[in-house]
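Chemist: Encoded as structure tokens, here's the structure I'll be asking about.
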Amino acid sequence: MRMCDRGIQMLITTVGAFAAFSLMTIAVGTDYWLYSRGVCRTKSTSDNETSRKNEEVMTHSGLWRTCCLEGAFRGVCKKIDHFPEDADYEQDTAEYLLRAVRASSVFPILSVTLLFFGGLCVAASEFHRSRHSVILSAGIFFVSAGLSNIIGIIVYISANAGDPGQRDSKKSYSYGWSFYFGAFSFIIAEIVGVVAVHIYIEKHQQLRARSHSELLKKSTFARLPPYRYRFRRRSSSRSTEPRSRDLSPISKGFHTIPSTDISMFTLSRDPSKLTMGTLLNSDRDHAFLQFHNSTPKEFKESLHNNPANRRTTPV
């Protein structure tokens, strides 16, 4: 189950990396970030005279160009002038910096670059030995690319909302599919980054638990010697120790008691307290001893009287 989950996570990471990079590249390279009504201005020289034609038409713009969709200049695109001559920037320095950042488009370009390196790390993780360290690098690249992307989107929205040169000419505007491609790229990049970091953390925990268990096993086996070695060690220690053959303190105590001292522990009987039972017991003991003493004598006499047991000497 874990292998299946890990395979799904790697699939999500690979597909997401490709999708995020493709969407952001298309968004940066196309001119459909914003639809608005504006004036298409063009210059034409005829007979050393410059004629200006101003016409309010529907336009679509990207990060660097604006193209006309209607009127006499339909299909004509021109470079966006973020610093027109009639604009006064000395009164508002923040707006000037915003226009400079908007003109450079540094954050969208940085996002594309980070997504590219993140995709390379994901591809390298399939072949590199330390794949999990490469996956961690990919996660960092994707998270950074997403942050750069969202900063660029915020700067773009702020620049369009606070553009004094087009505030009067623009009556309505809406964001195009290039803008939404960039937004989707941000979401996918963050998801891929989180999944990549999760893969690294999970694998790192598994490796740490495995190494900890192996270390415990090694330490346990190192402390306990083999059975044969322990058995030999015990037998050798028993044979070499001089005290092992000595008697225990309890047995020493029993064996050291002399036979002469036994009388000290015997209890004397009072002859006045002798009963009939004690007299019968004494008679039985006397009869038993008499029979025991007489039996060997009778047995010896039978052996001597038996002619089969007599020794015969040859004549």
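Yeah, the Cβs are placed from backbone N, Cα and C, and that goes for glycine too.
Computed from a predicted structure; not experimentally measured.
Feature annotation from Swiss-Prot assigns transmembrane segment to 8-28, 104-124, 135-155, 181-201. Feature annotation from Swiss-Prot assigns region 'Disordered' to 232-253. The phosphoserine annotation in Swiss-Prot covers SER248.
Distances, neighbours, how buried they are, the whole picture for these features please.
Modeler: Remote same-chain partners of the transmembrane segment (8-28), defined as residues 6 or more beyond its termini with a Cβ less than 8 Å from a stretch Cβ, comprise 63, 105, 108-109, 111-112, 115-116, 118-119, 122-123, 135, 138, 142, 145, 149, 178-179, 181-182, 184-185, 188-189, 191-192, 195-196, 198-199.
With a cut-off of 8 Å between Cβ atoms, the residues of this chain six or more beyond the transmembrane segment (135-155) that come close are 13, 17, 20, 24, 98, 101-102, 105-108, 110-112, 114-115, 117-119, 121-122, 125, 179, 182-183, 185-187, 189-190, 192-197, 199-200.
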Chemist: Quick test of the contact rule: Cβ under 8 Å, at least six residues beyond the ends. What residues does that give for the transmembrane segment (181-201)?
Modeler: 6, 9-10, 12-13, 16-17, 19-21, 23-24, 26-28, 30, 33, 108, 111, 115, 118, 122, 132-133, 135-136, 138-143, 145-146, 149-150, 152-153
